[in-house]
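> Per Swiss-Prot, pyruvic acid (Ser) is recorded for S63, and the stated evidence type is sequence analysis. According to Swiss-Prot, the feature active site, schiff-base intermediate with substrate maps to S63. Residues or ranges marked as active site, proton acceptor in Swiss-Prot (evidence: sequence analysis): H68. Under the heading active site, proton donor, Swiss-Prot lists C83, citing sequence analysis as support.
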Amino acid sequence: MQSLGRHVLAEIYGCRFEVLNDVKKVEDIMVNAALEAGAEIREFVFHKFSPQGVSGVVVISESHLAIHTWPELGYAALDVFTCGDRVNPWDACNYVAEMFSAGDMKASEVKRGLMEQPEERLVANM
């Protein structure tokens, strides 16, 4: 079965407070993560919460990267969804974890838009 895209959900632990709480640093890291993965950036928006935390999204031609940080816990939730075969979402995840000086990253990949091939559909419907 063919998929339309790859969606990596990453739990990033042991990150530096000062990075996770700096909206400009998080924005720069996420934009560079998209570029490192070979994506084409369309636009991005990031928000700094009070007293701490950052959320943001980078819209790419191939889909998106999204992040939510909990600096007080040294934790970030990262979401990287890419369509097609040109961009590797794992490259973006690994880049972010490295730039956050993460102690650990646990991640899983989900295939999105699983599509049956026409010949598979015909056989399945008989």
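Glycine is treated like the rest: Cβ placed from N, Cα and C.
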> Which secondary structure state does DSSP assign to the residue listed as 'active site, proton acceptor', in the simple three-class scheme?
strand
> Within its own chain, what residues at least 6 apart in sequence put their Cβ under 8 Å from the Cβ of H68 (active site, proton acceptor), listed in sequence order?
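G53, V54, S55, A76, A77 - these are the non-local Cβ neighbours of H68 (active site, proton acceptor), listed in sequence order.
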> If you run the three-state DSSP split on the residue listed as 'pyruvic acid (Ser)', which class comes out?
strand
> Between the residue listed as 'pyruvic acid (Ser)' and C83 (active site, proton donor), what is the CA-CA distance rounded to a whole number of Å?
6
> List the same-chain residues at least 6 positions away in sequence whose Cβ sits under 8 Å from the Cβ of C83 (active site, proton donor), in sequence order, or say none.
L4, G5, E62, S63, R112
